[in-house]
Amino acid sequence: MKKIRLLFLVLGPLLFSILLLCQNSTYLTPEIWRVLAVAIWMVSWWISEATPIAVTALLPLILLPMLSIFSISESTAPYASSIIFLFMGGFMIALAMEKHNLHLRIALNLVKITGTSGNGIILGFMLATAILSMWISNTATAVMMLPVASSVVNLLGESNLKMGDSQKKFALSLMLIIAYSANIGGTITLIGTPPNVVMTGYLNEILHYQMAFSQWFIIGLPTGIGLLLVTYLLITRVLYPNNLKKIEGSEVLIKNKLAELGKISKEEKMVLSIFALTALGWIFKNQINNLIGTPLLSDTITAMIGGLLMFIVPSDIKKAGFLLKWDDTKKLPWGILILFGGGMCLARGLEKVGIIEAVGNYMSSYKDLNHFILIGITTGMVLFLTEIMSNVALITIFIPVAIGIAQGLGINPLLLVVPSTLASSCAFMMPISTPPNAIVFASGHIKMKEMIKAGILINVFAIIFLTLITYIFINAYFSPT
């Protein structure tokens, strides 16, 4: 793996140099060759992860001005886009939830109410994981849920010297459901997973279309519910059914975990209140603005108000303490924010020199192509590619192409962009596909063939389901104009 990374570390700038030598070709303009050279360099490093993804995302900031595509002020602007601050605010709120263990309290209470049967516990973990991953990192959610799930599985080992078939299937199902619901839950909200953010940035930069938080929720919620429901039924009823009517000690275990947290603290209540107000602001932004009579709130302003309140609202007046301190921001995913900026900077370059228009012109000769089939093909392609490469890198590369294809065919670009973005988070087959998959695979309760078996079935359903639901909902509710 190290040798491959070293190879691509050299190959990226080499391909860049070769393409620059082609810029006097009569087939494409010199400007197109230059931006293509930058794009190929970035793609080669993103695919191979020869350098950290965020480092690669800084390339257009320096290369596009040097190649006379942008001024330096134009190339730096996307890194300070309003979309960047939307997600910065969301990350700050999530950080406060994690710091004060509010996320763990929410998870344990959700698991507590779904019963003590095998499938009831699996359902509880699925709901808790999905709901939390709507707001905080999918990886952080999986990391938090795994030790709690492992404790439940250990109860089976305490009551049985050797785990039987039902116990093994329960452990397997529980681990799979944590990984899959973390991936799915992130798709439900606009801030739930990085591919959603990348998509939002591209729509804003290329189509000048601002996807609102509440608007995404229209398609994200039914999509998430559908995927979660089918995933639960496939795992617990078809693939790995367990017949455990009651897991002794599970109820006591959850109560003890909650007891360890103690009574809900003042800090938790304050974080929960700020989070709830922010979420309501996102959902009812238009109604609030109409009531006031001026466009006072936007998704970004709402997010930053929530994020800043975490630093302003005192948690302990006597000790001059606050819900968040600046030192806490070391844990913010700054690299992801840089990645978003780099993707938008590249998108602006692709649009300015006419590459996206060129793709559209090429595809215009295929206007008779069935749109529904095209959506299915692109969704399937992205879904299976995301099994072997970073979903963020994949969607960063693919969305500009998808927009060009859609414009050439004269169809709503969202018909290709939205299902592709959703599909990039549906990596269910391989441990290497997403961090949540790798985290649960390391538990030792899952074999590779078992994850692949479940993943293939869910992938096939996801392709059909995403194609159908996006085709219906986007035609009914979404327009990029």
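Glycine is no exception: its Cβ is also placed from the backbone N, Cα and C atoms.
Bear in mind that TrEMBL entries carry predicted annotations, made automatically and left uncurated.
According to TrEMBL, the protein has these features:
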- 55-73: transmembrane segment (TRANSMEM)
- 79-97: transmembrane segment (TRANSMEM)
- 118-136: transmembrane segment (TRANSMEM)
- 170-193: transmembrane segment (TRANSMEM)
- 213-235: transmembrane segment (TRANSMEM)
- 291-312: transmembrane segment (TRANSMEM)
- 332-349: transmembrane segment (TRANSMEM)
- 369-385: transmembrane segment (TRANSMEM)
- 392-416: transmembrane segment (TRANSMEM)
- 456-478: transmembrane segment (TRANSMEM)
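In this chain, the transmembrane segment (55-73) lies close to the transmembrane segment (332-349): three or more C-beta pairs between them fall below 8 angstroms, excluding pairs fewer than 6 positions apart. By the count of Cβ pairs under 8 Å, the stretch nearest in packing to the transmembrane segment (332-349) among 118-136, 213-235, 369-385, 392-416, 456-478 is 392-416. Sequence-distant residue pairs (6 or more apart) of the transmembrane segment (456-478) and the transmembrane segment (118-136) include fewer than 3 whose Cβ atoms are under 8 Å, leaving the two stretches without contact.
Simply put, out of 79-97, 213-235, 369-385, 392-416, 213-235 has the most Cβ pairs sitting under 8 Å from the transmembrane segment (170-193). Long-range contacts of the transmembrane segment (79-97) within the same chain, counting only residues at least 6 positions beyond its ends with a Cβ under 8 Å from a Cβ of the stretch, are 61, 103, 135-137, 140, 190-191, 197, 200-201, 204-205, 271, 274-275, 278, 298-300, 302-308, 310-311, 323-324, 328-329, 331-333, 336-338, 340-342, 344-345. Only residues 6 or more beyond the boundaries of the transmembrane segment (369-385), in the same chain, are considered here, and those with a CB under 8 A from a CB of the stretch are 394-395, 398, 402, 405, 409, 411, 415-416, 419-420, 422-424, 426-427, 459, 462-464, 466-467, 470-471. Packing against the transmembrane segment (213-235) from elsewhere in the chain are residues 122-123, 126, 130, 134, 173, 176-177, 180-181, 184-185, 187-192, 196, 282-286, 299, 418, 422, 426, 454, 457-458, 461-462, 465-466, 469-470, 473-474, 477-478: each is 6 or more residues past its ends and has a CB under 8 Å from a CB in it.
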